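Summarising the annotation, Swiss-Prot assigns O2 binding site to 57 and lists sequence analysis as the type of evidence. Sequence annotations record features per position, and here Swiss-Prot assigns heme b binding site to 79 based on sequence analysis. According to Swiss-Prot, the domain 'Globin' annotation covers 1-124, on the basis of sequence analysis.
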């Protein structure tokens, strides 16, 4: 689990994520769609796969990931009952995000792993 220190670091890093959300989000989505093309079906409301479309939607996705830093203690309930995030595809997205962000934000590996665990725990 995330320690109090981890949570503090994660919340601090959110500013960097938000500042670069469109660029990093677009790169992450492009990587996700290239490595796991079937994940496009989970983006049914998103049909603009142009560079600009990915940039804008990638920004929304990455900002949504940043938003969960305010809910680190109840991720499973939030995502399982309110946001309805598919727990099976989040690890694929988190891997794409990690590859994109690893050079800049190393602490996110642990954070994204905890998000994936929290999402999965709600469905057991």
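The backbone N, Cα and C atoms fix where each Cβ goes, and this holds for glycine too.
The domain 'Globin' (1-124): residue composition by secondary structure is 94 helix, 0 strand, 30 coil, according to DSSP.
A simple way to gauge crowding: the CB of residue 57 (O2 binding site) has 20 other CB atoms within 10 angstroms, across all the protein chains here.
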